[in-house]
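According to TrEMBL, the protein has these features:
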REGION    1-22  region 'Disordered'
COMPBIAS  7-22  compositional bias 'Basic and acidic residues'
BINDING   43-48, 150-151, 173-179, 198-202, 267-270, Ala323  GTP binding site
BINDING   Ser47, Thr179  Mg(2+) binding site
Amino acid sequence: MGCGMSTEDKEGKARNEEIENQLKRDKLMQRNEIKMLLLGAGESGKSTILKQMKLIHEGSYSRDERESFKEIIFSNTVQSMRVILEAMESLELPLDDQRAEYHVHTIFMQPAQIEGDSLPPEVGAAIEALWKDAGVQECFKRSREYQLNDSAYFDSIGRIAAPDYLPNDQDVLRSRVKTTGITETTFIIGDLTYRMFDVGGQRSERKKWIHCFENVTTILFLVAISEYDQLLFEDETVNRMQEALTLFDSICNSRWFINTSIILFLNKIDRFKEKLPVSPMKNYFPDYEGGADYSAACDYILNRFVSLNQAEQKQIYTHFTCATDTTQIRFVMAAVNDIIIQENLRLCGLI
């Protein structure tokens with residue numbers, strides 16, 4: 001009787017070899033794939049970072065892509081003015097020029113979503129006139145007392161209301177659409193494939209996702225430090241910075257992310273710097289002693305977050321950022337890329 005392998009044995013050996021080869025391919029793919037989880041409270045700048053990644057690694061937006069942002073920008077602009085006008089009523093702030101009431105009526109007559117290739121001329125004229133009103137300006141200065149998104153378009157309303165308006169990169173970066181659910185964006189950077197997961201920052205979104213990302217390479221956590229004097233949209237008894245600290249604590253010390261490094265972006269430093277002299281941080285964080293000194297305030301916030309880390313082996317890398325500044329984000333993301341490559345090699349057991 002011969003001692004050659006039976007057909008069944010040969011098939012089994014072939015199957016084993018195929019499984020081993022597939023495991024090798026998976027290991028190689030894992031080496032070249034970076035999974036990054038974007039976290040942070042609502043309006044911290046997560047979606048802006050994703051847009052910056054596109055600008056930096058895929059080049060500028062096409063004409064069609066820019067066109068697609070027009071209605072979002074129009075709606076953001078009108079909605080922001082509506083929020084200010086509603087706040088003027090609740091704060092009992094009158095218009096400086098009562099003749100502007102006509103423009104107020106124009107704004108309140110607009111739908112929540114502005115549709116069309118151009119902003120209606122009467123709407124552009126209304127926003128331009130109202131933005132010049134001293135009463136509106138006074139209300140804008142008190143925006144921490146109500147829920148106003150970063151309104152970057154009022155100063156550019158003449159350009160935005162022009163019939164031939166086409167959004168530029170800054171317009172696109174500053175546009176705001178609430179993220180709900182989980183969105184995945186893929187970028188190819190060198191030999192690496194980045195899969196970036198953006199999760200809705202509002203409270204109601206969080207509990208749906210945390211267990212899904214146990215095997216991510218790293219977490220990019222964003223905090224809008226300019227919101228130290230603002231309250232949550234969902235709960236106007238809770239300070240936004242305190243909410244960010246609570247969320248960071250839960251993520252940093254979660255059993256799902258014990259060995260996951262965290263890159264902490266302390267974001268919106270431009271607005272933070274503007275606010276410090278007029279809205280004392282000590283009013284919201286009584287143990288803060290640095291006054292209006294920008295460096296002292298930055299150090300205080302940085303230490304508040306980093307000190308929450310309870311795991312000696314966990315690395316937290318920190319950057320102060322302005323997510324709408326492409327030059328700065330390009331520089332910061334280059335440093336982040338180096339960190340991520342090292343983390344990925346460590347996770348794959350190669351260092």
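Placed from the backbone N, Cα and C atoms, the Cβ positions cover glycine too.
TrEMBL annotations: computationally assigned, not manually curated.
The structure, with features from TrEMBL marked on it.
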residue	record	Cβ within 10 Å
Glu43	GTP binding site	23
Ser47	GTP binding site	22
Leu173	GTP binding site	23
Val177	GTP binding site	10
Thr179	Mg(2+) binding site	19
Val199	GTP binding site	22
Asn267	GTP binding site	28
Ala323	GTP binding site	26
Cα-Cα distance linking Thr179 (Mg(2+) binding site) and Ser47 (GTP binding site), given in Å to the nearest integer: 8
